[in-house]
Amino acid sequence: MSQEPYFTSCTAALDAIGFGRLQWLVLLYCGLAWLADACETMLLSFLGPAVRCAWGIGPGAESALTSVVFAGMLLGVNSLGAVADQLGRRRGFLLSALVLGAAGLASALAPSFAWLLLLRSVVGFALGGAPIAVTLFAELCTSETRGKWLLVMQGAWTVGTVLEAGLAWAVLPTLGWRWLLALSALPLLLLLAMYPLLPESPVWLVAKGRYAEAEAVLQRAARLNGYSKPLHLRLRPDAASQPAASVAEERRGQQQHGSLATGRSSRLSMRNSARSRSPSRAALEADQLGVSSPGPQAPLLAPGAEHGAHSEQQAGQSSQDCGSLAAANTGTAPAALPLRLAFRRRLRNAAHALQSALGIIFGDRLRRTTLLLYCIWIVCAITYYGLVLLTTALQTVAKRDACTPSGAPNLDSSDYLAILIASSAEAPGLLAAASLIDRKGRKWTLRLGLLACTAALLGLLADPSRGGQLALLFAARAAVEGSYSVLYVYSPEASVWV
């Protein structure tokens, strides 16, 4: 009887295990996170008009209430991505969800407009961590179905926008904007309750050198998915040169010291990170290229980046050695050393991680692709969020009074229905992208979506009737949602294969 082969990369192991119960669990969790973030984003189209009517603020202040959210996103998407590379996908996402839930609920109790501005900027900061969920799910998917399942997960965003429009219709006219803010944050409570079930990304664990924990996650996936064969793993770089008995003995010793069999992250020290985008570039590069290779693959590094990663290892080791020496001289246990030493070490590691990541994406090999993707992301973001805000604004622009005597936006049932229909347009756009992305390709589908959105927006300039206006809004939101979804699939693939 022939011996089962050893898998030397996470991607190869996940491809063998297949998409199953573990991936469905992560899809449910990350999809719920995506839904919650969509609710907070769709909320922007209702919050500005509602606060303007309730507190009598001017158009500039109303615009500022939206702008601070996106300013927070700009800071959060970079900061929380680095946190996810330092602390792990699970902890990075947990931090994002905790901040988002706390700031969202606190916004409902804001005593003044200044406080509301501050709290909404914190909400925006936490929304910047939403792509961590996409990264985690992508790193647990099989390579052949990753694009399809990322688009399925994107459907949760569409569900969130529709639910938020319906919630606003039910709550805003009677209970007011404070209740709308509070109820919109409730899905995050369910996320926190389900958090212990969430596994860590094995790709991230391998990138951090935590091979035993990565293997434990993959073994858990094999059990949950009903993989019938023994799963033999050699993720450690030097494992391929060791005798099989030695590897098995080492693995048994590692498992005795704990694993991620229950899906929880360990608290070992962490080094060597690369800045996370959505989905993660560096981690997918390191693993995806080793799908069928006989041994583990190293990340694609720009010139000088490998030296930076090695320097980071040396810096971390030097910090530990200095800490141990200081502890020996003072007779103090390492755990009792001042927290500022650990904080400095974290900052130094984060700086090395940022330098390494920038060296990768702006290196000679990826600079052109990175700049082009930045431009496309900016265009899609401006168009999508602009349409979200425009959908509500168009319902009140022709009315003499923007507010009702009770201090609520002057929106009737037909207006809310129009907003609901326009929001539901994202579903057919997503389905169209899912049907074309593998048959026609990523770039072809992205190009088609952007052209269709442009045509619909140009049609709105002709000032059509109310029905024509709704039809063009529907088409524009469907097209831009399809384009946005393709970008989430195309961006990491472009960074790997260019």
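Just so it is clear, glycine is given a Cβ too, placed from its N, Cα and C backbone atoms.
The transmembrane segment feature in TrEMBL is assigned to 24-44 (among others). Same-chain neighbours of the transmembrane segment (24-44): 66, 69, 93, 97, 100, 104, 123, 127, 130, 133-134, 136-137, 140, 149, 152-161, 163-165, 167-168, 180-181, 184-185, 187-188, 190-191, 194, 197-199, 224, 385, 388-389, 423, counting only residues six or more beyond its ends whose CB sits under 8 Å from a CB of the stretch.
As annotated by TrEMBL, domain 'Major facilitator superfamily (MFS) profile' applies to 26-498.
Beyond the ends of the transmembrane segment (64-84), by six or more residues, the same chain brings 44, 47-48, 51, 57, 91-93, 95-96, 116-117, 120-129, 131-132, 135, 273, 275-278, 350, 353-354, 385, 389 to within a C-beta distance below 8 angstroms of the stretch. Per TrEMBL, transmembrane segment is recorded for 64-84 (among others).
Residues or ranges marked as transmembrane segment in TrEMBL: 93-116 (among others).
The annotation transmembrane segment is assigned in TrEMBL to 122-142 (among others).
Positions annotated as transmembrane segment by TrEMBL: 149-171 (among others).
The feature transmembrane segment is assigned by TrEMBL to 177-198 (among others). Taking Cβ pairs closer than 8 Å, the transmembrane segment (177-198) reaches residues 25-26, 29, 32-33, 35-36, 39-40, 43, 46-47, 50-51, 54, 90, 93-94, 97-98, 100-101, 104-105, 107-109, 136, 164, 167-168, 171, 262-264 in its own chain, all 6 or more past its ends.
What TrEMBL records for 238-325 is region 'Disordered'.
Taken from TrEMBL, the feature compositional bias 'Polar residues' covers 255-270 (among others).
Among the features that TrEMBL reports, compositional bias 'Low complexity' is placed at 271-286 (among others).
Annotation source TrEMBL lists compositional bias 'Low complexity' at 294-305 (among others).
Annotation comment: TrEMBL describes 311-322 (among others) as compositional bias 'Polar residues'.
Taken from TrEMBL, the feature transmembrane segment covers 371-396 (among others).
Positions annotated as transmembrane segment by TrEMBL: 416-437 (among others). Away from its own ends, the transmembrane segment (416-437) comes close to residues 42, 45, 147-148, 151-152, 154-155, 157-158, 161-162, 164-166, 168-169, 391-392, 395, 444-445, 448-449, 466, 470, 473-475, 477-483, 485-486, 489 of its chain (Cβ-Cβ under 8 Å, at least six residues beyond either end).
Sequence annotations record features per position, and here TrEMBL assigns transmembrane segment to 444-462 (among others).
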